[in-house]
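Enquirer: Quick one: the structure is below, and I'll ask about it shortly.
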């Protein structure tokens, strides 16, 4: 498929021809490989298993049961067809009132009932992808900068930058401190941006973190709220994994911090939340994204922009009924947390048998897997990509390399465990264990060689190497974004 003429770019816009969509990365290449050879237990048992999709399929049976028991919630049933004419007509772009009320109520429940949300501040969007872009259009102009702790969600370059012209500066976080974000690190990145004459408009967090599966504690979140208030920059918190916590305490929303912190220490007009039902409810196909802002002007602007990415009225109607069913919601959230905890334990126990460790986590639909000991060169991103190719081509697993998430240390991989049935997970774990077992001698020899190299390096040389890695990472960030192309309908480029 192509356009006539030799100079195809001449008839297209700058957005259509720029290199900022982000499709040409290993994160998306893994999806393309999977699309060509998808695993199936019986039809294609030697195919690639999809472990690059952060999708929550563990409780779809509960939703199916609710739909069967509540046929009146849909206009596509005999019990609900009487609502068809009303729902089929144009609706308020702000959304059905009962839908916004139900969403606000559910957001409170997903955060343990410790905070309430105002339905009038709920703005709809087509998934979290649309919500993230909408908030960027509301807050920033082309060339403005947002700081984001790295590693961060691989598709943020698309969601936040591609059409808005906003720039991202990573806030590097280290494995030596379990990739924890500190105010000092944010301050460092802020100063670096200023030294480059960049206008910093805000800080973006994912909490719980994608890809780490960790949560920010209340003290850290409070200090970051104070930080953005001092700098007079925005704080956008992506909380789409709020209800995926399965251990280690309660999730703390930035809304809870706003309620508890002294009013003199926070400018609430700077605080914004992105949410969706894709992860917590396992409904990415419903395309329900939410912008929730404490700033009246942002709410007003986002409402106007929502006309470009509405949630269908039919979807709103059914979800308004489902999310208003307190008994169902309470049971769903409890059971989802329980099943995620079991699945996480099964996965981490399975890879531990292969002498593979993960970052300690308690939320999300994935694990941050440490494969540094399998690298040919532990200081090389090239070695990381070599290993990734082996995992894709030989082990037949689509996992995502850390460099796709702008991690500054080679050898970390995100691997998703909630998007498959138990039998498929068993096959995936078997493949991992078999691969490590067959290559164990090579791994031991490689580790010995790496240890000797490290011992021979001075502290000064190590410091230089770490700095050089960050510079290499920056070049990777600037050069590794590709022009858009024609995408598979199953591509994550089209998903939240």
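The backbone N, Cα and C atoms fix where each Cβ goes, and this holds for glycine too.
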Enquirer: Name the residue among 400, 488 that Swiss-Prot annotates as phosphoserine.
Expert: 488
Enquirer: Would you mind checking how many other C-beta atoms are within 10 angstroms of the C-beta on residue 55 (substrate binding site)?
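Expert: So the Cβ neighbour count for residue 55 (substrate binding site) comes to 20.
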Enquirer: So of 93, 279, which of the recorded positions has the fewest other Cβ atoms within 10 Å around its own Cβ?
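Expert: Among the recorded positions 93, 279, the sparsest Cβ neighbourhood within 10 Å belongs to 93.
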